[in-house]
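What TrEMBL lists as Mg(2+) binding site is ASN12, GLU390. Annotation comment: TrEMBL describes LYS19, HIS214, LEU215, GLY216, ASN217, GLY218, ASP288, MET289, ARG290, GLY336, VAL337, GLY338, GLU339, ASN340 as ATP binding site. What TrEMBL records for ARG97 is substrate binding site. As annotated by TrEMBL, active site, proton donor/acceptor applies to ASP154. Summarising the annotation, TrEMBL assigns site 'Transition state stabilizer' to HIS186, ARG247.
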Amino acid sequence: MTAHPSRVLVLNSGSSSVKYQLLDMADSSRLAVGLVERIGEETSRLVHTPLQGDGAGKREKNAPIADHAAALKAVAEELSADGLGLDSPELAAIGHRVVHGGLRFTAPTVVTDEVLAEIERLVPVAPLHNPANITGIRTAQALRPDLPQVAVFDTAFHTTMPEHAARYAIDVETADAHRIRRYGFHGTSHAYVSRATAALLGKAPEDVNVIVLHLGNGASASAVRGGRCVDTSMGLTPLEGLVMGTRSGDIDPAVTFHLQRVAGMSTDEIDVLLNKKSGLVGLCGDNDMREIRRRIDEGDERARLAFDVYVHRLRKYIGAYYAVLGRVDAVAFTAGVGENAAPVREAAIAGLEELGLAVDSGLNAVRSDEPRLISPEYARVAVAVVPTDEELEIANQTFALVAAGPGEDAVGGLA
Ligand SMILES: Nc1ncnc2c1ncn2[C@@H]1O[C@H](COP(=O)(O)OP(=O)(O)O)[C@@H](O)[C@H]1O
Ligand SMILES: CC(=O)OP(=O)(O)O
Ligand SMILES: [Mg+2]
C-alpha cells in the first residue's frame, strides 16, 4: 500500500470521443495517454500510449465501441495491461471534465449523488457534452466506488464575468426564471492558457490582459483581465460565438423562427442543423482545417469561403475583446487549429498594426509544442502560440482538492 497515493486519472469525455491521461502528481509526469474516437460507429478507434517503463510505445485498436461505458472499460483494460489499472492503490482520484456546471459550480467539486443530479439537470443546455460526462463519472464510480471522483467544470472560470457581459438583453424575469444567461465554456483551457501566456511574458497573471483564442473543433474566445475572465464568446450553450468545426456560432436568432415558419423545420432539426451541420462543415463539407487548407491550395472556392468566414468572425472577436479590455498585453492562440494552423493565425492578425498587433511570418511558420511568441520585436502587443493542456489542469485541480482532505468544503459557491 502506498501511504500517499499521488496518481490521477483524467477523463475528458466528448460527444463521440474520450481523451484520457494518467498522471503522477508527485512530479506531474504522464504515465499514459490515450484517445477513443468515433464511439458508437463501426470505425471506432482506441489509441493508447504508455509513456514509462517497458510498455512504452503506442498501441492502436480498431473495433466497434458501442458507447461511452464500453469505451471506458476498454481504456481500463489497456491501463491494466501496463500494470496501471484502475485497481491500483496509487490512484488518488479520477478527474472528469464536465462541460456545463451552470452558476452553481465555481470550483472543482467532489461528485456526490446530489452533484451528479445537478449535472444531469443541465443536460438540456449542453446536450452534446454533459451526457457523455455523466456516463464517464458513472462508469468510473462503478469501477472504483471507493475513490473520489472530481468534476472540473468548463464553465467555472467564466463565473467571474460581470453581469453586463453575462446577461442577454431579453426580459429579465423570463431570463431569470429559466436561468438564461451567458455561461461560457472551455474555461479550463482559457484559465491554463492565460496563465501560461503570462509566464511566457515573464509576468504574473494579475499583471496581464490576454485575449485567448481556443480554436479546436469547438472554438471560443475570451477576454482575461489580470487572471479573471471578463467576457467570453460562448453563451447559454457552446453554440454561440466563433465559427466552429460543425457549429454556426453567432447567428440572428430570427433565422430559427424563419426555418420553423418558412422551411417547416422542427426545433430538433434546427438544433442538429446549427450544432452539427453548420460552421466549416456546413460551409464547405469539411470540418478539419488541414483538409480545408489542402483544398484551398487546389483552388477550391467553397473551402476558401469557409476559411474566410471563419477568419472574419475571429477578427471581429479580437477587435471586440480589445475594446472590452482597453489594454491588451497578448493574444494567445491555442487548441488544434490555434496551435497548428499558421495561415489562420496570420490571417486573423493581418492588417492590425494600428492596434499594435503583428505576426512575424518566420516565427509563425515554426512548429513546436512549446509556448512561443510569433510577433515581431517591435510589436506593442505579444502574439503567442500557447499549447493548451486541459488534462494537466484538470489533474492539478483534482489533486489539489483531494489532497486538501475531507475537511475542505468541496462544493463551490451557490447561485
Ligand atoms: N496540423 C494541423 N493543421 C491545421 N489544423 C489542424 C491541425 N491539427 C489539428 N487541426 C485542427 O484541430 C481540430 C481539432 O482540435 P482539438 O483542439 O483537438 O479539438 P477538440 O478538442 O474539440 O476535439 C481539427 O478538427 C483540425 O481542424
Ligand atoms: C464546450 C465545447 O465546445 O467543447 P468541445 O470543444 O470539446 O466540443
Ligand atoms: Mg477540446
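Placement of Cβ uses the backbone N, Cα and C atoms for every residue, glycine included.
Quantities reported herein were computed from a predicted structural model and do not represent experimental measurements.
Summary for the recorded positions LYS19, ARG97, ARG247, ARG290: the Cβ-based neighbour count within 10 Å is maximal at ARG247. Checking the recorded positions (ASP154, HIS186, ARG247) against ASN217 (ATP binding site) with a 10 Å Cα-Cα cut-off leaves ARG247.
When the record's ATP-binding residues LYS19, HIS214, LEU215, GLY216, ASN217, GLY218, ASP288, MET289, ARG290, GLY336, VAL337, GLY338, GLU339, ASN340 are compared pairwise by CA position, the greatest distance found is 21 Å. Just so you know, the Cβ of ASN12 (Mg(2+) binding site) picks up 23 other Cβ atoms within 10 Å once every protein chain is counted.
Here the CA atom of ASN12 (Mg(2+) binding site) lies 19 Å from the CA atom of GLU339 (ATP binding site). With a CB cut-off of under 6 A applied against ligand 1, the recorded positions HIS186, ASN217, ASP288, ARG290, VAL337, GLU390 are reduced to ASN217, ASP288, ARG290, VAL337. Spacing of ARG290 (ATP binding site) relative to ARG247 (site 'Transition state stabilizer') is 18 Å (Cα to Cα, whole number).
The subset of recorded positions (LYS19, ARG97, HIS186, ARG247, ASP288, VAL337) lying with their Cα within 10 Å of the Cα of ASN12 (Mg(2+) binding site) consists of LYS19, ARG97, given in sequence order. Checking each of the recorded positions (ARG97, HIS186, LEU215, ARG247, ASP288, VAL337) against the residue listed as 'active site, proton donor/acceptor', the C-alpha distance stays within 10 Å for ARG97, HIS186.
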